[in-house]
Amino acid sequence: MKVGVVGTGFVGSTAAFALVLRGSCSELVLVDRDEDRAQAEAEDIAHAAPVSHGTRVWHGGHSELADAQVVILTAGANQKPGESRLDLLEKNADIFRELVPQITRAAPDAVLLVTSNPVDLLTDLATQLAPGQPVIGSGTVLDSARFRHLMAQHAGVDGTHAHGYVLGEHGDSEVLAWSSAMVAGMPVADFMQAQNLPWNEQVRAKIDEGTRNAAASIIEGKRATYYGIGAALARITEAVLRDRRAVLTVSAPTPEYGVSLSLPRVVGRQGVLSTLHPKLTGDEQQKLEQSAGVLRGFKQQLGL
């Protein structure tokens with residue numbers, strides 16, 4: 001099983017490292033316009049293979065992506081202080097218009113996994129640039145993991161026993177679906193009551209804020225986030241490579257909302273196999289529609 005990573009900055013190289021540590025694939029090629037960086041990252045990560053899963057790791061040009069089952073796109077500019085989201089979108093859209101056709105020529109059968117930001121809009125653009133090829137965005141997989149982590153932390157349980165989805169935009173307008181959140185198979189409110197733990201609007205607001213502002217808090221302390229998203233990308237990639245039929249909140253074109261956004265989706269060998277629509281409260285549904293509206297506004301401004 002072969003995976004390509006295009007873009008070897010913090011996110012791309014950390015995703016590659018996670019793939020090797022988890023034994024997600026047998027072959028891994030790193031591609032970057034900065035060939036020296038790609039070579040150095042590939043060599044460094046390859047040194048982890050003998051003490052993990054023996055993955056073959058190397059660097060190369062776009063032609064080396066041939067026969068990859070998944071290509072992860074992390075290439076793009078980072079948002080600078082004072083730069084608007086539209087400015088960032090226009091800059092990264094130009095990068096994608098140059099990059100995606102090269103990738104599709106080299107790996108026409110690969111599932112394209114987009115994680116460059118703004119991920120929902122670039123997922124839409126990549127879908128247009130690679131007609132007929134499966135495209136998914138990392139969406140709110142990381143946001144959902146943050147949500148579950150904070151819920152589990154408050155509940156005092158292992159994070160794998162907390163379940164909840166973050167829907168809509170990967171960004172400011174994202175929606176925490178509290179109505180379907182569960183801990184240990186119980187509705188979250190019931191679990192907290194059974195454990196005599198506080199559960200009120202103040203607690204929910206703290207978890208919401210912690211989920212929504214996690215990236216900003218981490219960036220303030222260390223200038224970038226990459227471990228969480230690197231692990232999330234490895235998880236999504238495995239779902240495709242091994243046809244796991246995993247339910248993940250990836251971003252994909254959603255006709256009823258007119259834009260790519262995150263909903264729970266079944267992910268397998270061909271990318272998104274089906275989309276699930278959890279039952280939401282009226283308030284959650286309204287917020288999801290507002291989130292879609294925010295994305296449509298940016299999409300129209302860019303002319304996508």
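Including glycine, each Cβ sits where the backbone N, Cα and C put it.
Look at Val11 (NAD(+) binding site): DSSP puts it in a helix. The 10 Å shell around the Cβ of Val11 (NAD(+) binding site) contains 27 further Cβ atoms across the protein chains shown. Annotation comment: Swiss-Prot describes Val11, Asp32, Arg37, Gly76, Ala77, Ser138 as NAD(+) binding site, evidence class sequence analysis.
What Swiss-Prot records for Gln79, Arg85, Asn117, Pro118, Val119, Asp120, Asp143, Ser144, Ala145, Arg146, Thr225 is substrate binding site, and it gives sequence analysis as the kind of evidence. Taking a C-beta cut-off of under 8 angstroms and a sequence separation of 6 or more, Asn117 (substrate binding site) has the following same-chain neighbours: Gly76, Gln79, Leu88, Asn92, His170.
Taken from Swiss-Prot, the feature beta-D-fructose 1,6-bisphosphate binding site covers Arg148, His163, and the record attributes it to sequence analysis. Every protein chain shown contributes to the tally, and the Cβ of Arg148 (beta-D-fructose 1,6-bisphosphate binding site) ends up with 22 other Cβ atoms within 10 Å.
Under the heading active site, proton acceptor, Swiss-Prot lists His170. Around His170 (active site, proton acceptor), taking its Cβ as the centre, 29 other Cβ atoms fall within 10 Å, counting all chains.
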When you measure from the Cβ of Asp32 (NAD(+) binding site), which residues in the chain that are at least 6 apart have a Cβ under 8 Å away? Val6, Gly7, Thr8, Gly12, Ala38, Glu41, His59, Ala75
Binding-site residues compared (Ala77, Val119, Ala145) - the one with the fewest other Cβ atoms within 10 Å: Ala77
Entries of Val119, Asp143, Ala145, His163 which, being binding-site residues, have CA atoms within 10 angstroms of Val11 (NAD(+) binding site): none
Based on DSSP, name the secondary structure state of Asp32 (NAD(+) binding site): helix, strand or coil. coil
Inside 10 Å of the Cβ of Gly76 (NAD(+) binding site), count up the other Cβ atoms and send me the figure. 26
